[in-house]
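**Q** Sending over a structure as structure tokens; questions will come in a sec.
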Amino acid sequence: CRQALRSAAGPEVDFARAEREYQLYVGVLRGKLGLQVLELPADESLPDCVFVEDVAVVCEETALLTRPGAPSRRKEVEAMKRVLESLNLNIVEMVDENATLDGGDVLFTGREFFVGLSRRTNQRGAEILADTFKDYAVSTVPVHDSLHLKSFCSMAGPNLIAIGSSEAAQKALKTMQQMSDHRYDKLTVPDDAAANCVYLNIPSKGHVLLHRAPEEYPESAKVFEKLKDHMLIPIANTELEKVDGALTCCSVLINKASEL
């Protein structure tokens, strides 16, 4: 709670509440949706290690272990490497000391990658991602006023980008639209933080969307409620948001059956 990185000073994290919110998140994935959830062991020497999204980008059978932009987070990669090796994925390690990449800056649309160039991710990191996933186009998007690209956007459906309303978010969306040969639908929500949601396409359930709870962002929740084809699951994230955490930050989605 005290040592996690944060972009701005603010209220202290309520640890007990953070644990309850996290358990609800895991419970939805495992219990309600029937996914296999592999939990990495906690490491008290790495206060940001709950944000597993930043240390790996997984697409199909390949996992790129990143080189996080914050030096204090680099050791987080080791636990992630062990669990991804156990899944028999093709592991690519980012060893170039000039490269930095946080998974929170990587938006995979199903067709292509957009990589935010932010305080945590640089051009060299984006180039290594492009070299790793050669089957997909990779475009870079400048990120100025937020920690990560996915601080204000995410995929909310197979062709649907959820995007915040701030000037910075809308500018980034315009860049993505200019970079892409494909036309995406967009879902604009009033709150940037609420634009970070977790979309899943589960054979037995259809389109599933974990989004921020109405008690946190009531106006944005109303926008999500218009998605009549989705199973909508509100999830509170009040505590991890205090240390820049979003819903996508706490999991890496892997489309593979696990034997574990």
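Any Cβ shown, glycine's included, is placed from N, Cα and C.
Because TrEMBL annotations are produced automatically, they should be read as predictions rather than curated entries.
Below are the features listed in TrEMBL for this protein:
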- L5, D48, E53, D54, R73, R120, V243: substrate binding site (BINDING)
- H148: active site, proton donor (ACT_SITE)
- C249: active site, nucleophile (ACT_SITE)
**Q** So which of the binding-site residues is most packed in, judged by how many other Cβ atoms lie within 10 Å of its Cβ, out of D48, D54?
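**A** Checking each of D48, D54, the winner is D54.
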**Q** Run through the Cβ atoms and count how many others sit within 10 Å of the one on the residue listed as 'active site, proton donor'.
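**A** Taking every protein chain into account, the count is 27.
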**Q** Counting other CB atoms within 10 A of each CB, which of the binding-site residues R73, R120 comes out lowest?
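**A** The binding-site residues R73, R120 were compared, and R73 has the fewest Cβ atoms within 10 Å.
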**Q** Determine the Cβ neighbour count for C249 (active site, nucleophile): the number of other Cβ atoms within 10 Å of its Cβ.
**A** 27
**Q** What subset of the binding-site residues E53, R73, R120, V243 lies within 10 angstroms of H148 (active site, proton donor) at the C-alpha level?
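**A** Candidates kept after distance check: R120.
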**Q** I need the neighbours of the substrate site defined by L5, D48, E53, D54, R73, R120, V243. Which other residues of that chain put their C-beta within 8 angstroms of the C-beta centroid, in sequence order?
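**A** Neighbours found: A4, F51, P68, A70, D102, G104, D244, C249.
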**Q** Pop the Cα-Cα gap between C249 (active site, nucleophile) and V243 (substrate binding site) into the table, whole Å please.
**A** 11
**Q** Can you tell me how far the Cα of E53 (substrate binding site) sits from the Cα of the residue listed as 'active site, nucleophile', in Å?
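**A** A Cα-Cα distance of 5 Å.
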**Q** For L5 (substrate binding site), what residues in its own chain, 6 or more apart in sequence, show a Cβ-Cβ distance under 8 Å?
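**A** Same-chain residues close to L5 (substrate binding site) (Cβ under 8 Å, separated by 6 or more) are P47, D48, A70, S72, R73, V243, D244.
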